[in-house]
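Beneath this line is the structure, given in structure tokens, with notes to follow.
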Amino acid sequence: MRTSSESHSRSDAFNGKNDASQVTVDSDSASKDHHDHDHHHKDTSINERQSQHVHQQAGVSKVEAFNKALYQSGPSGRLLLYVLVASLALTMFAYALDQGITYQFNAIASSDFSQHASLGAVNTASSIIRAISKPFLGKLSDITSRPTTYVVVLVVYAVGFAVAASSQGLAAYIVGASFTAFGKSGLDLLSDIIVGDLTPLEWRAFWSGMLATPFLITTFINGFISDAFVPNNWRWGLGMFAIMMPVLLTPAIWTLYGMQLKAAKMGMVSMGDSGLARKDGVKVQGMQQYLPMARSIAVEMDLIGLLLLGLAFSLILLALNLAPASNGGWSNPSMIAMLVIGFVILGLFIAYEALLAPVPITPKRILTNKAFLCALTVDVFNQMASATRNNYWSSYIYIIKPWSNYVWTIFIGTTTLTLCTMSPIGGLIHRATHRYKTLMVIGAIIKLIGYGVGLDGNSRSTLSTARLAVSQVMLGMGAWTVIGARVGSQASVPHQDLSVVISVMSLWSTMASSIGSTIAATIWQDRMLNYMREECPPSTPEATLKKIYGSIKTLKTKYDWEDPVRMGAIRAYTRTNGIILAVSLVLAAVPVVFSCLMPNYYLGKQQNAVTNTDVLGERTEVPRRVEEPTNGKPSLWQRVKRGYYKET
């Protein structure tokens with residue numbers, strides 16, 4: 001075990017601590033003087049208050065015992081862990097391929113249907129499905145198991161790509177995209193929970209970041225995919241994924257089933273087992289046990305609440321997306337009805353969650369958790385800002401630059417490349433400093449500046465390749481804020497609440513993405529066509545304007561770079577995208593504030609900062625920073641500094 005002075009020598013340098021601070025160590029096994037005992041008693045009381053409504057369930061203890069057996073059972077246990085890591089890498093490789101190219105396919109497909117302005121509806125529907133499916137998939141694994149849930153995810157994933165590839169209209173394409181969104185949701189949830197189960201806080205961000213490293217390879221592969229399939233063969237590109245996904249996901253499924261079998265032979269529970277087995281030590285066998293349990297699981301997942309929430313957001317956000325292009329616009333009775341009914345259902349959802357829900361989507365103990373609320377606010381506004389900017393970003397670059405499809409795809413992936421590089425680096429900084437808060441604040445500030453760099457002084461989006469590239473890189477460095485919010489929220493709850501926090505964070509941050517897509521779509525549909533009328537030559541026919549407004553494919557392939565219509569359209573794009581970037585800039589200011597309000601948890605060998613037990617369930621030593629008392633009333637700077645470094 002590292003001594004307290006060794007543990008803090010690097011963290012002090014990173015967090016800017018002065019010599020007036022001293023460090024003590026809490027330990028159940030070490031002897032202490034009376035002063036240290038008083039501090040230990042205080043810390044224990046804090047932890048007890050934080051977990052007063054939570055008890056260590058039998059299944060959680062069995063998972064920790066199985067983890068211990070894997071680590072200590074020699075070559076066979078280590079081999080199984082290595083295979084699990086390799087299979088997860090393949091799974092995330094598949095996920096990275098999907099994430100890296102489908103935004104481009106969405107833009108081209110909507111243009112092929114002459115409905116490019118409705119791209120926001122595609123992304124909004126996908127985001128809503130991803131959001132509400134997280135709690136559903138979490139509870140599905142409670143009555144089946146993780147590998148069985150993977151199978152369900154895989155089937156829906158493949159069907160979604162097949163439907164999208166064969167679609168003959170935007171409505172069918174949205175259905176297919178919604179199916180694939182369900183699949184992405186499952187991969188997100190299961191990989192995050194597995195990393196949370198197996199890693200201590202000091203390594204959590206690093207291994208979470210490693211899940212994203214396949215993007216470092218797939219970004220360049222996606223460039224070749226784009227070159228081969230965009231703009232005319234996008235259907236074949238989607239069909240390719242329907243074949244590829246089963247091949248890449250199967251190893252993870254078999255590995256988790258193998259872990260279940262090994263655990264059964266040892267009389268234990270693995271992280272691949274069902275949630276009921278992992279939490280309560282209950283093994284569910286046979287249809288007679290599944291069916292009676294389905295009702296209680298529906299209550300536990302708050303199925304009614306999820307349906308109300310999903311329906312409310314779908315009606316409200318899709319109305320905002322579809323109204324500008326509908327007959328009569330906002331005077332269309334259908335759009336007004338969708339909006340009114342959506343808000344009524346949203347009110348019913350709030351009332352149901354507050355008064356009637358037996359198990360609310362967000363438990364009260366989570367809602368009163370300061371660290372979780374701050375992390376959630378950071379994540380929500382981060383996602384909203386990113387989705388607002390990203391909705392038409394690939395379309396913007398596609399039109400304003402005379403680049404090949406390969407260069408276009410690689411440039412769009414620059415932010416992802418930076419994010420995937422900075423996430424593991426940020427994780428290593430967490431490990432070296434044992435803190436996450438200052439890096440989280442730095443990431444939020446860099447991301448805010450990144451949005452600003454993309455704007456010209458006249459409120460237009462820049463055309464400068466250098467500034468666009470710098471903006472892409474700076475936005476990728478916002479990964480430090482993302483991993484900070486993830487680690488901070490997970491550290492703030494005991495082990496058995498880990499999956500709840502991950503699901504709830506994913507639910508609301510993904511809902512925020514759908515709101516961001518809707519904001520961008522509303523701006524685009526309200527401004528773009530009017531700006532095209534103003535910027536294109538006066539002699540340009542209205543039919544031509546509507547055609548290039550509805551299809552980036554037509555604008556890119558039918559009009560030369562020097563064509564006055566193309567130049568006018570580019571100016572219209574810079575004006576519209578400038579407004580979108582300005583909105584993203586405002587939204588990105590919120591994470592800076594709430595990152596500063598996060599607790600400054602010590603990241604050590606503990607699985608969480610509430611019980612301070614490791615992944616094997618054993619108590620760990622946790623160094624903590626104690627401020628020396630000041631003479632007289634502390635200054636404003638001292639109070640601010642004390643609040644910033646506060647660990648609870």
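Counting begins at 1 with the first residue displayed.
A Cβ is built for glycine as well, from the same backbone N, Cα and C atoms used for every other residue.
Taken verbatim from Swiss-Prot:
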- 1-58: region 'Disordered' (REGION)
- 1-11: compositional bias 'Basic and acidic residues' (COMPBIAS)
- 29-46: compositional bias 'Basic and acidic residues' (COMPBIAS)
- 47-58: compositional bias 'Polar residues' (COMPBIAS)
- 79-99: transmembrane segment (TRANSMEM)
- 151-171: transmembrane segment (TRANSMEM)
- 205-225: transmembrane segment (TRANSMEM)
- 236-256: transmembrane segment (TRANSMEM)
- 303-323: transmembrane segment (TRANSMEM)
- 336-356: transmembrane segment (TRANSMEM)
- 409-429: transmembrane segment (TRANSMEM)
- 438-458: transmembrane segment (TRANSMEM)
- 468-488: transmembrane segment (TRANSMEM)
- 500-520: transmembrane segment (TRANSMEM)
- 578-598: transmembrane segment (TRANSMEM)
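Contact check: the transmembrane segment (151-171) against the transmembrane segment (236-256) gives at least three Cβ pairs closer than 8 Å, residues 6 or more apart, which meets the contact criterion. Most Cβ pairs within less than 8 Å of the transmembrane segment (468-488), among stretches 79-99, 205-225, 236-256, 303-323, 500-520, belong to 205-225. Of the two recorded stretches, the transmembrane segment (409-429) lies close to the transmembrane segment (205-225), with three or more CB pairs under 8 Å once pairs fewer than 6 apart in sequence are set aside. Touching of the transmembrane segment (303-323) and the transmembrane segment (500-520) is concluded from the presence of at least three CB pairs under 8 A, sequence neighbours closer than 6 excluded.
Listed as Cβ neighbours of the transmembrane segment (578-598) (distance under 8 Å, sequence separation of 6 or more from its ends, same chain) are residues 370-371, 374-375, 377-378, 381-382, 384-386, 388-389, 391-392, 437, 440-441, 443-445, 447-448, 451-452, 454-456, 458-461, 481, 484-485, 488, 516, 519-520, 523-524, 527, 644. Sequence-distant contacts of the transmembrane segment (336-356) (same chain, six or more residues past either end, CB-CB distance under 8 Å): 302, 304-305, 308-309, 311-316, 318-320, 330, 362.
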